[in-house]
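Sharing the record's features from TrEMBL:
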ACT_SITE  Cys482  active site, nucleophile
BINDING   Cys345, Ala346, Ala347, Pro348, Gly349, Ser350, Lys351, Asp376, Asp403, Asp429  S-adenosyl-L-methionine binding site
COMPBIAS  49-59  compositional bias 'Low complexity'
COMPBIAS  123-139  compositional bias 'Low complexity'
COMPBIAS  890-912  compositional bias 'Low complexity'
DOMAIN    227-591  domain 'SAM-dependent MTase RsmB/NOP-type'
REGION    1-92  region 'Disordered'
REGION    123-146  region 'Disordered'
REGION    169-195  region 'Disordered'
REGION    596-632  region 'Disordered'
REGION    867-912  region 'Disordered'
Amino acid sequence: MARRPRRATYRAAARGREVRLPEAGAGRRRRAPSPTSAPGGPEGRRPARAGGTRRTAPDGPRPRGRLPAPRRSAHARPRAVRGAAGAGTGTLGAAVRRRLPLLLARGSPGTRGPALCASLPQAPAGPGAAQARSRGPRAPARKAARPTVAGRCVRAACAAAWAMGRRARGRRFQQRPQGAEDGAEGGGKRREAGWEGGYPEIVKENKLFEHYYQELKIVPEGEWDQFMEALREPLPATLRITGYKSHAKEILHCLKNKYFKELEDLEVDGQKVEVPQPLSWYPEELAWHTNLSRKILRKSPQLEKFHQFLVSETESGNISRQEAVSMIPPLLLNAHPHHKILDMCAAPGSKTTQLIEMLHADMNVPFPEGFVIANDVDNKRCYLLVHQAKRLSSPCIMVVNHDASSIPRLTIDVNGKKEILFYDRILCDVPCSGDGTMRKNIDVWKKWTTLNSLQLHGLQLRIATRGAEQLVEGGRMVYSTCSLNPIEDEAVIASLLEKSEGALELADVSSELPGLKWMPGITQWKVMTKDGQWFSEWEAVPHGRHTQIRPTMFPPKDPERLQAMHLERCLRILPHHQNTGGFFVAVLVKKSSMPWNKRPPKLQGEPREPVRSGPTDPAELESKPAGGIDDTEITERAENVENNGSKKDGVCGPPPSKKMKLFGFKEDPFVFIPEDDPLFPPIQKFYALDPSFPKMNLLTRTTEGKKRQLYMVSKELRNVLLNNSERVKVINTGIKVWCRNNSGEEFDCAFRLAQEGIYTLYPFINSRIITVSMEDVKILLTQENPFFRKLSSETYSQAKDLAKGSIVLKYEPDPTKPDTLQCPIVLCGWRGKASIRTFVPKNERLHYLRMMGLEVLAEKKKEGAILAPESAGGSGPPEAEEAGAEHGVEPAASPSVDAAPGPDPAEGALPR
């Protein structure tokens, strides 16, 4: 409290206002009336205050701002005065010198320097002047002279600082270009530095980058100028239609016949809009690209409708806005529905969604035998990954949070025996320097240096090695980067092949993506430091560089071994060939176990094509996993925990902190519902679930209290969860299938259906299904609570005999009417007293309405209704509203209103 007024005093002094320096022996600061001083006195001053001196600038008007005098008691004096009252000026001078940096920093701009110096205390001319300048008749003259010595020191220092600032300003003024003024084009340092009018434009040039890649010759002769010109152009927008949903063809039909036709002969900012074209190498025309950049799509009013369509369909999970080259690795992985897949560096999740689509290639199979485990080392990016995966509503995805270079080996239970989990497919999209993304990440131009690749090479090699260890014999691993640098590409592959001693080989995938233009991998390269020094072999690297440059960064010396590696089978995509980003892909096939394993894993039973997994005894583990942890120790530790019975049955919580260091949020446990749980029989009876329904796969995220959400996973993921809760940190898994009503006990079933998992649950439901027509679907999706009388007679006849509660609304396409919607629709609804309402997220509502040919404008609140006038009056009768209220649920928002994407906050939320 005592020091704050003093800081304010010095700040005021730096701004050129009046200064009050603390005085030795100052007492209480009270206003002392003086008969000889008055506001209109000869010096034009107010009555002096006891305990200090005051000076004003001799020239010019009095400063407007006036600091209130700090109120101090005798024991609240400054430290310098408190420590040496009456000990001379040395202590007070030291106190002032401690404040000099602040005064010097703030005393130079403008004309504040002279004003500050003039406002500092002056030496008294005599005893009479000293007494006149004191704040009270009792202040002794010898004490009043003490701060003046310090004042002279500060005054001299501030004058010097002001002079230095004036000279610096003069030099800056002389260095300014002639004719350049602030506000004029090309003027002012501040404008050039981005002080006014936004940030400066980044110059798309990097001499070191050009010198490096010209020396490595990764670009064919005669194409260098085209290569650099393509890198300086913005990246075109690309989109991919989700292939596993049954209405993908409807979306493609809508794009071709409606939105793409509106883009014909359209110009934006003087540039003709190119009509989107399908990627020639992507199957079934499910991927498209255009010359429109993301900035133009967002800013141009002519493209507002098309941009709204892209945003809405992306949030619904029907379209993925993904870079073209990023689609290549999942395609080359060649995954099938029965494959166990590991995505080692999955965030943000665009490639993971492609893998999920491949699992659900057959929509008639709700639970594929395979699954996807998506991992990322960044805890926050894991939640972005969860958001991306949840758009596809798959029960076969699990998100985990681990360092990919030491991701733990998992175990599964096979006929009562613990076996090691080996993956059929592994995607290894490692962190990289990203110089292939210069077209969208402009910062790479000024930040690029060879040091980035030298620092990442070791991590990339460790991640790839760990992936190869967990790959089953006969399995396939795809290694990819968005970098063109051979240190991150061919060098990693060559080192991995060399240490595998024939266990891995590069697959020839040149014919798997017809239409894709690519360059073969190079077999010779050199290493360059950040200061431009080249090295062709490890022996030439000086000892001081050995921590920065490693022998694995150089190509093999033996020509025969180099030729046997077939590095030319790697794919390098250059930006100027098909107007894409830069990329590198290599496909590896595992022929045998890695040489550091004790024994190769034995296949159990007759192998399938391709081989699915290679179970192994816990003792048959690798003796020295590269870059990983001791799997034998982990397996034994997990088995000891299970044998001691310290883990509850069916409860899969986060691993204990003593065994694994955790980062990020603490996740809720995954609790599987036991067979004798009284929660499930009412649900089974109310919805007439099929006897084949896998009720053992239901789980919740709480161990106590009411279970409010029920989730479902596949049988294989349940096996993984139950056997690995001690060694893996699971962020999220499963899809929501049921939600508890607030007043559910009043009805036959306390749980209503959730739209997120309806396509997974629908094949097992045999009751409370209402078949509706297309007109009924339009009414249900545009009106909040329509009466029975507004629906067709067929729909009313099915609904009138049903009890109140959750229902399934099913639309079956009519093949005799090809102009109508030709894909089935399944919606969750609620049968009230005299009405039916749907519980569908807003984006999914917009999707279905758009597929039925209705134009929707839901993104902005500038229009109140989107369809017929009756959509505004669909609130329903009072009894229907009362029915919804007593159920404890809320209707999903009308498409014309911005609302939460679900019937209630829990509906739109993801399981934590």
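Cβ coordinates come from backbone N, Cα and C, glycine included.
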Of the residues named as S-adenosyl-L-methionine binders, Cys345, Ala346, Ala347, Pro348, Gly349, Ser350, Lys351, Asp376, Asp403, Asp429, how far apart in Å are the Cα atoms of the most distant pair?
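The span, Cα to Cα at its widest, is 20 Å.
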May I ask for the distance between Lys351 (S-adenosyl-L-methionine binding site) and the residue listed as 'active site, nucleophile', taken between their Cα atoms and rounded to an integer number of Å?
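Cα of Lys351 (S-adenosyl-L-methionine binding site) to Cα of the residue listed as 'active site, nucleophile' measures 13 Å after rounding.
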Hey, what's the Cβ neighbour count for Lys351 (S-adenosyl-L-methionine binding site) at 10 Å?
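Summing over all protein chains shown, Lys351 (S-adenosyl-L-methionine binding site) has 25 other Cβ atoms within 10 Å.
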Between the Cα atoms of Cys345 (S-adenosyl-L-methionine binding site) and the residue listed as 'active site, nucleophile', find the distance and write it as a whole number of Å.
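Approximately 13 Å lies between the Cα of Cys345 (S-adenosyl-L-methionine binding site) and that of the residue listed as 'active site, nucleophile'.
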Can you name the residues of this chain that are 6 or more positions from Gly349 (S-adenosyl-L-methionine binding site) yet have a C-beta less than 8 Å from its C-beta?
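Result: Ala374, Leu384, Leu385, His387, Gln388, Ala389.
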At the Cα level, what's the spacing in Å between Asp403 (S-adenosyl-L-methionine binding site) and Cys482 (active site, nucleophile), rounded?
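Cα-Cα distance, Asp403 (S-adenosyl-L-methionine binding site) to Cys482 (active site, nucleophile): 20 Å.
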Quick one: give me the count of other CB atoms within 10 A of the CB of Ala347 (S-adenosyl-L-methionine binding site).
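There are 22 such Cβ atoms around Ala347 (S-adenosyl-L-methionine binding site).
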Give the sequence-ordered list of residues that share a chain with Cys482 (active site, nucleophile), lie 6 or more positions from it, and have CB atoms under 8 Å from its CB.
Val325, Ser326, Cys432, Gly434, Gly436, Thr437, Gly581, Gly582, Phe583, Phe584
Neighbour count first, Cβ atoms within 10 Å, every protein chain included; then name which of Cys345, Asp403 tops the list of binding-site residues.
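Ranked by Cβ atoms within 10 Å, first place goes to Cys345.
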